[in-house]
Amino acid sequence: MRLLTRVLLVSLLTLSLVVSGLACGPGRGYGRRRHPKKLTPLAYKQFIPNVAEKTLGASGRYEGKITRNSERFKELTPNYNPDIIFKDEENTGADRLMTQRCKDKLNSLAISVMNHWPGVKLRVTEGWDEDGHHFEESLHYEGRAVDITTSDRDKSKYGTLSRLAVEAGFDWVYYESKAHIHCSVKAENSVAAKSGGCFPGSALVSLQDGGQKAVKDLNPGDKVLAADSAGNLVFSDFIMFTDRDSTTRRVFYVIETQEPVEKITLTAAHLLFVLDNSTEDLHTMTAAYASSVRAGQKVMVVDDSGQLKSVIVQRIYTEEQRGSFAPVTAHGTIVVDRILASCYAVIEDQGLAHLAFAPARLYYYVSSFLFPQNSSSRSNATLQQEGVHWYSRLLYQMGTWLLDSNMLHPLGMSVNSS
């Protein structure tokens, strides 16, 4: 019986994934096979994402120069990919040294270049710099940046080369000069390198019994305060963590409201429900990335009478905290520290994200019905291990295949995190 149930659940899961994938089809093209998307070349001096290189939304802050004698030199790894030409004008092999993340993105780009221009290879003119030839705090000093061209040095290709670099996953790409393209990545251990959508473990949720519980202590089956699609407060089943990490330090956005003064702390890619300052209609609220919320907008706060109330955002700042948790409820929403938030992240579409988690909700309800457990045994038996949940990891990977890269937050989860 148990085997049959598992087979049935896997079948339903697979079917739901296929349907969710097809639903991403544009308009009347629903269910049709997508044609390869057209690559739009970057313009001269354009950079993607459209923020400064060493900010949270791009490659993150400078962490210090690496020399051959420093402890961090072991973070660099040589790249001997035969499909990449290294200029290496210093004749020291320095241009081949880079972080593993930079190496992975560069190797991916090399394949794209050969596929796009048969007979042409990727060329690296500058990698790790140990001679001080760049400006202060350049990411070249950490092996996190490369300057690239094509092997034929055809400048008419550089705009498209920039776009290919974006598609390959570099965290910041800059059509810097007529002579080369500049690309960089996040640090391997950077708090910016892995974000996804999370709350700190100390954030509080409200329970149906009137008490409160820290997010990190939630167990499947706990009924927590959330909101339905009409904006009504409800108590919803906590189903799972899409990510559960007790140790990693991450950067969180802190969004603080005016009267009443409340704060919610969440990662950049997490969705928060907002209203424009010009309206009080809760039905017009939309889900926006925490990193895109601005002072003057409104968020939904649970007031003393237990009702949702729109309150103006007073200020926004960032802080580092250790530990991050991403809870999912049956309704796809959750009230954290008295402010209504989504359970989802990375893609700025609450409806699509909630649809994508339909198989997870189905599995929870079916397993709860077939294998009822008391709260203590459920706490011990079903609480997941640390790391990104396999289903969340799968959805993110599918999203990178099916959706345009600009539909995903630049600080989307690391599919290699554990």
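Quick reminder: no glycine exception, Cβ is built from N, Cα and C everywhere.
Feature annotation from Swiss-Prot assigns N-palmitoyl cysteine to C24.
Annotation source Swiss-Prot lists motif 'Cardin-Weintraub' at 32-38.
Around the Cβ of E89 (Ca(2+) 1 binding site), the same chain contributes D95, each under 8 angstroms and 6 or more positions distant in sequence. The secondary structure of E89 (Ca(2+) 1 binding site), as reduced to three states from DSSP, is coil rather than helix or strand. Marked as Ca(2+) 1 binding site by Swiss-Prot: E89, E90, D95, T125, E126.
Counting only same-chain residues at least 6 apart in sequence, those with a Cβ under 8 Å from the Cβ of D129 (Ca(2+) 2 binding site) are A94, S138, H140, Y141. In the three-state DSSP reading, D129 (Ca(2+) 2 binding site) counts as coil. Annotation comment: Swiss-Prot describes E90, E126, D129, D131 as Ca(2+) 2 binding site.
Just so you know, the Cβ of D243 (site 'Involved in cholesterol transfer') picks up 25 other Cβ atoms within 10 Å once every protein chain is counted. As annotated by Swiss-Prot, site 'Involved in cholesterol transfer' applies to D243, with the evidence given as similarity to another entry.
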Cα separation, T125 (Ca(2+) 1 binding site) to D131 (Ca(2+) 2 binding site) (Å, whole number): 15
E90 (Ca(2+) 1 binding site) and D243 (site 'Involved in cholesterol transfer'), distance between Cα atoms, whole Å: 44
Cβ-based isolation winner (fewest other Cβ atoms within 10 Å) among the binding-site residues E90, D95, E126, D131: D131
For the motif 'Cardin-Weintraub' (32-38), mean pLDDT (0 to 100): 47
Surrounding CB atoms that lie within 10 Å of the CB of T125 (Ca(2+) 1 binding site), all protein chains: 18
Shell list (Ca(2+) 2; ref centroid = CB of E90, E126, D129, D131; cutoff 8 A): E89, A94, D95, G127, W128, E130, H133, H134, H140
